[in-house]
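A quick write-up on the structure given underneath.
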Amino acid sequence: MTAEEMKVAENGAQSAPLPLEGVDISPKQDEGVLKVIKREGTGTETAMIGDRVFVHYTGWLLDGTKFDSSLDRKDKFSFDLGKGEVIKAWDIAVATMKVGEVCHITCKPEYAYGSAGSPPKIPPNATLVFEVELFEFKGEDLTEDEDGGIIRRIRTRGEGYARPNDGAMVEVALEGYYNDRLFDQRELCFEVGEGESLDLPCGLEEAIQRMEKGEHSIVYLKPSYAFGSVGKERFQIPPHAELRYEVHLKSFEKAKASWEMNSEEKLEQSNIVKERGTVYFKEGKYKQALLQYKKIVSWLEYESSFSGEEMQKVHALRLASHLNLAMCHLKLQAFSAAIESCNKALELDSNNEKGLFRRGEAHLAVNDFDLARADFQKVLQLYPSNKAAKTQLAVCQQRTRRQLAREKKLYANMFERLAEEEHKAKTEVAAGDHPTDAEMKGEPNNVAGNQAQVKTEA
């Protein structure tokens, strides 16, 4: 009997006491959760930890009193499986269900609401019976914008609550699949943030940072979080390909957070990261380089414990980081971000040649010719031998003239159309003033009348 049928059958009335029956599915085999399948589901797949599940349910006390039903609200109930959002019995039972399945679940108090109950409808130490129908389940969306680009399904839960942070050393075993074809199978030990150098998609690294030690998960990646519009020749992955990875996070060692490092460590790590960023940049891995330079900024931006000698090094590192960030943003065509990075650099050194020039390039890229020209002119004022600035200034002026010419032509065409429309309107008005044949026959009388009127007015 389905949940809908049960609702019709009971017709709002209190049922007879419900019997305790079913297969014991409690982890301890203590008969705390008993399950009876009323209708088999389809397929072989069941929901995994972290999946969002959608169900209809009705709940009764053992005396047959109904205390709750999603059917009465005509709205499916959803929750994240295995996250403690519902009573223990539900997390246990729904994990065993297939889509379309209907089952009865009997839950002892320790797997339901315990000695506290849930006043006013559920008394203390109550054994409950539920009928649950599973409609669908889907993996956990790990993307910030919830665009479905990184979906995780947890096969095996990990230990504890700690997760790898940026820069953590992780040990993983992974398998990559494209259309069920195994294209990558490796055991790796690497630093989070350097996955691209190992031909790992950025989305996979993001997923690893959400895993716990010992966790085994399936990760589904949309193209923008995988190998994008380029694909990966090494693995024979075409452009715009969706991928699936099986990942086992064996172990990890978290990187020190900024607040855990002293000033000497921050300087030392900043120099190491700067060199790493330079290597990535030269290899054309601009996103990876970007991550390295951002680390330096986060470590040094608001640090106040440096000595006078250290502050000179800090100033130089911060300036270089903002300039390098600007260059990465330019390469990635993120022009607003490039301008922001240049502004940060120019706050540290208002006459910096690279800061002014790169900001001018960003302004030019978005057709903000006045601001671009001002930046290039200042570069030439301070550094007259800068040939690149002279070239870009000429380009800026040329494009300004082209834009003015286009605007002039646009306005000329606009005025020409307006003039034509005005002339057409006048012509139509004039044509409408001509008398008809009928009016012409009565013209003498009209003229006489007009003359009389003129005399009267005179």
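From the backbone N, Cα and C atoms, a Cβ is placed for every residue, glycine too.
A quick note: this is a predicted structure, and the numbers were derived from the prediction, not measured.
When the ranges 135-170, 423-458 are checked against Swiss-Prot, the one recorded as region 'Disordered' is 423-458.
DSSP places the residues of the region 'Interaction with tubulin' (267-400) in helix, strand and coil in these numbers: 110 helix, 0 strand, 24 coil. Secondary structure of the domain 'PPIase FKBP-type 1' (50-138) per DSSP, as helix, strand and coil residue counts: 14 helix, 37 strand, 38 coil. Counting same-chain residues at least six beyond the ends of the repeat 'TPR 3' (353-386), those with a Cβ under 8 angstroms from any Cβ of the stretch are 322-323, 326-327, 329-330, 333, 335-336, 338-339, 342-343, 345-346, 392-393, 395-397, 399-400, 403. Residue counts for the domain 'PPIase FKBP-type 2' (167-253) under DSSP, helix first, then strand, then coil, are 17 helix, 41 strand, 29 coil.
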